[in-house]
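Asks: There's a structure below that I have some questions on.
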Amino acid sequence: MIPANASARKGPEGKYPLHYLVWHNRHRELEKEVRAGQVDIEQLDPRGRTPLHLATTLGHLECARVLLAHGADVGRENRSGWTVLQEAVSTRDLELVQLVLRYRDYQRVVKRLAGIPMLLEKLRKAQDFYVEMKWEFTSWVPLVSKICPSDTYKVWKSGQNLRVDTTLLGFDHMTWQRGNRSFVFRGQDTSAVVMEIDHDRRVVYMETLALAGQDRELLLAAAQPSEEQVLSRLTAPVVTTQLDTKNISFERNKTGILGWRSEKTEMVNGYEAKVYGASNVELITRTRTEHLSEQHKGKVKGCKTPLQSFLGIAEQHGGPQNGTLITQTLSQANPPAITAEEYFNPNFELGNRAMGRPMELTTKTQKFKAKLWLCEEHPLSLCEQVAPIIDLMAVSNALFAKLRDFITLRLPPGFPVKIEIPIFHILNARITFGNLNGCDEPVPSVRGSPGSETPSPGSDSSSVSSSSSTTSCRACEISPALFEAPRGYSVLGGQREAVPRDEDDDLLRFAIQQSLLEAGSEYDQVTIWEALTNSKPGTHPMSYEGRRQDRSAPPTPQRQPMPPAPVPSPRPSPGPGSSSHVFRSYDEQLRLAMELSAQEQEERRRRVRQEEEELERILRLSLTEQ
């Protein structure tokens, strides 16, 4: 046992007492040391790991259990950017993954509840408003843009109440999930009511979030993951995607040619906006597969679409330093035999030796340029009015999470009336704010507040005329009925499970495979060629698609999950003799599709060059005549 004056002793047991006990798997002594509370449970060792990270990487289950029970943060990342859960999955220890997943979801619920008072205060102080957020997806592959979905989020904010309407819910079972839904957040003094209104089924799922008095054991019991959730993680690659913005820079876009260039401005929904370009934005996707069996590795490779293989994304494959093939064996932790003295010595270089199982890592990096349209005279405030809403939506929506990560950067002055940011490796999202307070198009239950323009007696009293001035758009009144359960709807006491928040690679695959325009129903499986040409699905299903298990967080104690909606069965797979024919047809379809894309892109560039040359010739002639 470490003595009381351990901190005064030299060596790792004095500098890093918790890490030292974890290293030697002395969980009983670790329990006593943590209970004493004299050492920071989130202390970092010389390799950038917390005690919990080290316990997880080494596969020391009981040490991890002690640290989690005393509040160690599951969400912390190590120096390499991996979370505790991702490291747990890489150990292939089912019990450890189940334990970490349980505490991760528990801590998410606790943080969610703890953040409600601050959110309520921000909503209370902010001015009431209505705004529409239009999401459009674009791509550098011209024809891919035509199959991407679009949606308009309608946002009402009144006092401590918030409502968001949407039709694009997410992705599940290889289909875009469409539906007419409203999400209502109604703040109260000591609690908050969250409602999900399903207008298609005329059902309201209601949940009350108490701000105090939550029983820890009940929350932990509700956070217990199912065996399917754990197995789905152990049989799938560990994937993390992040926007690297440490070198990002914003510059004003220019317009004109030669010596007549000026800073570019555009009108966006009636507001004059300065156009900025953001450079040095990198989208980095890292995939780890050392925990997968050869069978599951084969499935992962088979699930890679021809289009994903075709894309010119820089790939760097990392493996052991000797370059030999890694066999999937249940090797014990710390295979390079790193000693405690070597590990805890900050001056000792470990080189390529790593803790835990030998890592198999694939890194994909692609540089993007983002664009911003900023209006300095816009009535809305990004920090006070819009940011709290994006924070709330980002909890369960991957797209809003990407948007939040971007707007938290130090942007140039002004409100971003339009933003274009990378979401996946070939897809950008363009978000446009418009119809503020119903000034462009009438909106039911929204009207100008006293002092602003009031509709005439013969007009619709529930909306503001589209001819309203900018000044009249600065304030509005919103009907309280918007934040109540609609009449005639069935109200259920527990909210059903939300649509799973899929990994980015899932979203990319689904975006390519599904046509949401006129290419059949949303449940049809389409080939790449059918998706790119927006034609009716053929008879061959996509043989490389795989189903992703539900990885959504378990419900809180108040929830009673509803049975999931029935999903149509997939079409039968083709016979053994037809598989090679299917893959050959995909390669041919892909080649033709990319040729068409390249031709369309080249034609667009040719027209731009021709226009620039014509304009330059006219300018030269005008100067000659003078």
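Each Cβ is built from the backbone N, Cα and C atoms, and glycine gets one as well.
Below, the features straight out of Swiss-Prot:
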MOD_RES   MET1  N-acetylmethionine
REPEAT    47-76  repeat 'ANK 1'
REPEAT    80-109  repeat 'ANK 2'
REGION    442-470  region 'Disordered'
COMPBIAS  448-470  compositional bias 'Low complexity'
DOMAIN    503-522  domain 'UIM 1'
REGION    534-614  region 'Disordered'
Asks: Let me spell it out: take the repeat 'ANK 2' (80-109), skip the flanking residues so only those 6+ beyond its ends count, and list any with a Cβ under 8 Å from a Cβ in it.
Replies: 48, 52-53, 56-57, 59, 61, 64-65, 68, 73-74, 219-220, 222-225, 229-231, 233-234, 238, 240, 242, 286, 288, 290-291, 330, 333, 356-357, 359, 553-554, 556
Asks: Can you give the mean pLDDT for the domain 'UIM 1' (503-522), rounded to a whole number?
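Replies: Mean model confidence (pLDDT) across the domain 'UIM 1' (503-522) is 37.
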Asks: Tally of helix, strand and coil residues over the repeat 'ANK 1' (47-76) according to DSSP?
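Replies: Within the repeat 'ANK 1' (47-76) the tally stands at 17 helix, 0 strand, 13 coil.
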